[in-house]
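Scroll down for the structure; my scribbles are underneath it.
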Amino acid sequence: MSFARTFTAAALFALGAGAALAQDAPATVVDVAVGSPDHTTLVQAVTAAELAGTLQGEGPFTVFAPTNGAFAALPAGALDDLLKPENKDRLAAVLGCHVVEGKAMAADVAKLIADNNGSAEITTLGNCRLTATSMDGKVMIGGADGTPVTVTAADLQAGNGVVHVIDGVLLPAS
């Protein structure tokens, strides 16, 4: 092992990254998305909205992460329009509907739903009000526009939160 590699490894452990490496979890929720071939569009959107720095922060965050297919299912031209530099604020508003303060594991969301008679309201950092329900054993998240999406993979852990994969894009109320 070269001196540079040894020094870098030692520095990471000295800075406390050893715990994150030992847990084998990506450092941030952004790293979870970057490491997923199903989330390249999400990474592109987070970068265009200049939100990567925020989501790489201390957190903790719960991110409902739409897949590439979810973005592709938006009306024709909608994604291209959102990704234009002049629409950065609109894009940030859409992405803000996908991030909740705190780390909510799937079991936490299921308990919240059960404790609230089958339906729980969640407010995102973008001030969108989501509705979490359960149908046929799957967690459904209703966006501010009322359109439900399904959590298809849960509890992808990161050092600063957790990511739940969803099959649709949560949109703010019009």
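Just so it is clear, glycine is given a Cβ too, placed from its N, Cα and C backbone atoms.
Whatever TrEMBL says is automated annotation, not expert-curated.
If you look up TrEMBL, you'll see 26-170 marked as domain 'FAS1'.
Taken from TrEMBL, the feature signal peptide covers 1-22.
In the domain 'FAS1' (26-170), the DSSP tally of helix, strand and coil residues is 54 helix, 43 strand, 48 coil.
Here the domain 'FAS1' (26-170) has a mean pLDDT of 94 out of 100.
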